[in-house]
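Q: Here it is, the structure, as structure tokens.
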Amino acid sequence: MSKVLVLKSSILAGYSQSGQLTDYFIEQWREKHVADEITVRDLAANPVPVLDGELVGAMRPGDAPLTPRQQDALALSDELIAELKAHDVIVIAAPMYNFNIPTQLKNYFDLIARAGVTFRYTEKGPEGLVTGKRAVVLSSRGGIHKDTPTDLIAPYLKVFLGFIGITDVNFVFAEGIAYGPEVAAKAQSDAKAAIDSVVAA
């Protein structure tokens, strides 16, 4: 039995293309892997705090006492990291907003990137500590960006996930959503076919 963590980040709720793909992924995964456990965390509906000058102090070990706000942030960071480490498959819904991931998803990454916890520095360089995971990224875009300089999502996620130890990453794209109903429908259809392949793998 595997445990699947699904991270939603779209601010568009029911109108979200990435949300629809995520729901389809969950539906297909449950159908093909009946015994698996799925956890859904909606980072838009329940956002995590922005890492600011005060909160960053909570993420770095020190002798100074933590403020109540820092204590809350550290507890949340611990919770998010424990949740991440407890799951085998990480599904990341990452719609493209202004060429990159949503703020809500970036805030999540900022809270789980902790030296000595999810990665560490060694004489040979940084080493990821979140290993043995598989990640699936579902990314919807209004335009066509895959394999072009305007796609900042795929390179960033490969680097970040690899940095914390997750190197098995599959991408599913739904592109050209804003190009009209026909293009959008084909994008969704192609993305669902790609999801079917990922789920069956």
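Just so you know, glycine gets a Cβ as well, placed from its N, Cα and C.
Annotated FMN binding site per Swiss-Prot: Ser10, Ser16, Gln17, Ser18, Met96, Tyr97, Asn98, Phe99, Ser140, Arg141, Gly142, Gly143, in sequence order.
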Q: Within 10 Å of the Cβ of Gly142 (FMN binding site), how many other Cβ atoms can you find? Include all protein chains, please.
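A: For Gly142 (FMN binding site), the count of other Cβ atoms within 10 Å is 15.
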Q: Enter the number of other CB atoms within 10 angstroms of the CB of Ser140 (FMN binding site).
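A: Within a 10 Å radius of the Cβ of Ser140 (FMN binding site) lie 27 other Cβ atoms.
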Q: For a quick check of understanding: given the listed FMN-binding residues Ser10, Ser16, Gln17, Ser18, Met96, Tyr97, Asn98, Phe99, Ser140, Arg141, Gly142, Gly143, what is the maximum Cα-Cα distance in angstrom, as an integer?
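A: Value for the max Cα separation, rounded to a whole number: 17 Å.
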Q: Look up Ser140 (FMN binding site) in the DSSP assignment and reduce it to helix, strand or coil.
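A: Where Ser140 (FMN binding site) sits, the three-state DSSP reduction gives strand.
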Q: For the binding-site residues listed here (Ser10, Gln17, Asn98), which one has the lowest count of neighbouring CB atoms within 10 Å of its own CB?
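A: Candidates: the binding-site residues Ser10, Gln17, Asn98. Fewest Cβ atoms within 10 Å: Asn98.
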